[in-house]
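Database features, via TrEMBL:
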| type | residues | note |
| --- | --- | --- |
| TRANSMEM | 12-33 | transmembrane segment |
| TRANSMEM | 45-66 | transmembrane segment |
| TRANSMEM | 94-111 | transmembrane segment |
| TRANSMEM | 118-140 | transmembrane segment |
| TRANSMEM | 212-238 | transmembrane segment |
| TRANSMEM | 250-268 | transmembrane segment |
| TRANSMEM | 328-349 | transmembrane segment |
| TRANSMEM | 356-372 | transmembrane segment |
Amino acid sequence: MLFLAPIQSILLLPVQGTTPAFMLVLAAPLLLLGNDRRYFKLLGFLFLFISLYVVYMAVSLSGYLIDTPDLSNLTVIREIYVYGLLRQSHVTQGIYLMAALMFFFIMTQYYQESFIKWAFFGIFFLVAYGFYEFIFYAIFHENVDFLSNRNFGDLNSVAEGRGQGDYATGSAIQPSNLFGAGFMRLKSLVGEPSMYALTVTPFAVYAYGRKWWLIFFILFLSLFLSTSTTAVIGLLFGIAFIEISQRKEFVLYIGAFIFVSSLLYATFDPIQNALNTLLFEKMETVSGNERLTSFVDHSSVIIGSNIVRFAFGLGFGTVRSLDMMSNLLANIGVVGFLGFSAIVLYPSFRLKHQGDTVAIIAAVISIYLMQITTVPEYAYLPPWFIVALSYVRLRQQRLGQVAY
């Protein structure tokens with residue numbers, strides 16, 4: 001399951017979401033069947049999730065009885081209603097969320113130290129396939145992805161429920177001018193460079209914290225070739241946390257680094273081109289402007305609305321923004337956003353700095369900041385493994401176990 005977790009552009013069935021790892025997770029109640037205390041906890045978790053989801057959705061939709069929100073400026077996922085105010089997307093997105101949280105729960109309950117090894121095996125397979133695509137495209141200028149079969153669709157059309165227009169498959173190429181013309185942005189089997197960054201960056205940060213330098217270098221190189229601003233955010237904050245935790249004076253080094261980088265940017269063309277490609281040009285392009293507009297539009301839908309919608313949102317799976325913060329605020333309100341933040345970050349405030357906990361906390365911070373600022377994706381499984389690992393370490397800490 002962990003080896004397959006990073007793969008998102010391969011479907012086992014012609015149905016969205018039927019990736020190998022998702023199918024294994026959803027089949028877990030059958031695969032793990034047994035007279036085991038952990039198994040009954042899993043069944044209890046499923047019952048609790050479904051119950052809470054139904055109640056939360058009912059409360060969210062009750063806001064429509066007070067007034068009808070204006071969704072004209074928002075990216076609505078599907079305008080298909082199942083019953084009354086209940087949309088098809090409320091059900092399908094709920095299944096994705098259930099699978100992600102099931103994976104998280106299974107990792108915490110069935111955890112073994114070998115899980116870390118298998119998680120990295122999966123990441124390295126993803127990285128190797130990405131290098132294969134990148135190198136062959138640079139040489140032959142052809143798409144050599146022979147595994148991806150997932151049709152993500154024209155993202156705008158699909159999000160609006162129109163289902164027409166061009167389609168972006170999992171093997172779609174995004175050009176990169178980092179080394180000049182004729183190169184692609186590395187994205188491997190996740191469909192999009194920013195999703196690749198969300199998947200791989202936490203493991204790069206963890207490797208940095210563990211001083212696994214060769215592993216870190218390989219992952220860092222792949223992230224550099226993705227030219228993803230998401231990766232820049234995750235790496236900067238994750239590595240900064242690790243260094244500051246170990247050496248308080250590192251704050252001064254950060255200041256010096258920013259100063260020297262500014263000088264190099266102003267005087268050295270290769271540095272200027274690299275930073276423009278990775279960061280600044282994206283802030284000035286359609287992508288950067290769209291993100292800002294999307295954030296404002298989706299956040300404002302609950303501000304000034306009725307108290308129910310402000311607290312509980314439009315209903316999970318109603319709209320899709322371009323960042324997690326406004327996505328959560330719009331769909332599940334302030335209560336949901338605070339709940340998500342608490343689930344992800346809680347262990348980071350309780351863990352003592354021993355063993356690999358600094359590396360884990362840094363990886364969790366990178367995940368949270370990447371999601372909140374750039375990636376509205378909650379169903380990718382590798383980040384949930386890192387979050388699960390933080391809960392495992394917290395449990396071990398309570399039991400007095402630090403042998404890791």
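In case you wondered, yes, glycine gets a Cβ from its N, Cα and C as well.
Note that this is a predicted model, so its numbers are computed, not measured.
Beyond its flanks by at least six residues, the transmembrane segment (12-33) meets 1, 4-5, 39, 42-43, 46, 92, 95-96, 99, 102-103, 106, 110, 150, 381 of its own chain at Cβ-Cβ distances under 8 Å. Remote same-chain partners of the transmembrane segment (45-66), defined as residues 6 or more beyond its termini with a Cβ less than 8 Å from a stretch Cβ, comprise 29, 84-86, 90, 94, 97-98, 101-102, 105, 305-306, 308-309, 312-316, 332-333, 336. The list of residues near the transmembrane segment (118-140) in space but at least 6 beyond its ends in sequence, with Cβ under 8 angstroms from a Cβ of it, reads 2-7, 147, 173, 182-184, 186-190, 196, 199-200, 203, 215, 218-219, 222, 225-226, 382, 385. Here the transmembrane segment (328-349) has Cβ contacts under 8 Å with residues 56, 60, 74, 298-299, 301-302, 309-319, 321, 361, 364-365, 367-368, 378, 387, 390-391, 393-394 of the same chain, all six or more residues outside its ends.
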